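Asker: Got a structure here, written out as structure tokens. Questions coming.
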Amino acid sequence: MTTRIDTKFAELKAEGRPALVTYFMGGDPDLETALKVMKALPKAGADVIELGMPFSDPMADGPAIQAAGLRALNAGQTLAKTLYMAAKFRKEDDTTPIVMMGYYNLIYIYGVERFLTDAKASGVDGLIVVDLPSEMDAELCIPAMKAGINFIRLTTPTTDDKRLPKVLHNSSGFVYYVSMNGITGAAIADTAKVGEAVRHIKKSTDLPICVGFGVKTPEQAAAIATHADGVVVGTAIVNAIAGELDEKGKVKGDPVAAATRLVHALAESVRATRLEAAQ
């Protein structure tokens, strides 16, 4: 099974550069605006899109992403509408991978089989489900693999050598290395330690390693890019969108332009870093 994620990372490896993986919250601040943001991301330089599934109790998310999820839910966003966003995007872009990220409760209530059928039909390529450990592979991971959808796992600085093989077992697409312990949007980790961790994980897998949590600026993204196959940026993009909203969470400025300006700067920095390192 070769997915869009596999194809994208193979292309980037041939180009000698890492991926820019961009996260935003589905339905934030409303469905129409979020869909415009999603469609604009690849043109701004995003290689992979992480599409957040808003949830009422997001335990791993920092204040910015929690607020984005709340805005989306208040605007009427549902899992069905998030899948609709993927389907609308896919009609115009058949190459950029879409990874849906969120919590298992949403999928469980929707129905696993129904969700996987609808996700595949909508052009979704991968899933990151932060609260579903490898011991529960039969719940979603294995059915997703059978449906042709990558199941992407998180590793952290506390994932030891005993735990790592269990985390990597049945993982596909790429490995998401969380560069620090804590919630999204916290301070960036020491890049040298990130490099050590990535090299260590690579001894146990051939999958690309993408690093996220705490990456906010083009300079930080460039520093991480020297060590990883991909850089994940989420909170900074969510904050760029939020900066164009009023106190009630309604659009007052141009969230699409704000998000794409940031992504363009991130993409330029990430790509230049690897090119400089190769010279």
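Note that Cβ sites are derived from N, Cα and C of the backbone, with glycine treated the same way.
From Swiss-Prot, for reference:
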type: ACT_SITE; residues: Glu50; note: active site, proton acceptor
type: ACT_SITE; residues: Asp61; note: active site, proton acceptor
Asker: How many whole Å apart are the CA atoms of Glu50 (active site, proton acceptor) and Asp61 (active site, proton acceptor)?
Answerer: 14
Asker: Specify the count of other C-beta atoms within 10 Å of the C-beta of Asp61 (active site, proton acceptor).
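Answerer: There are 25 of them.
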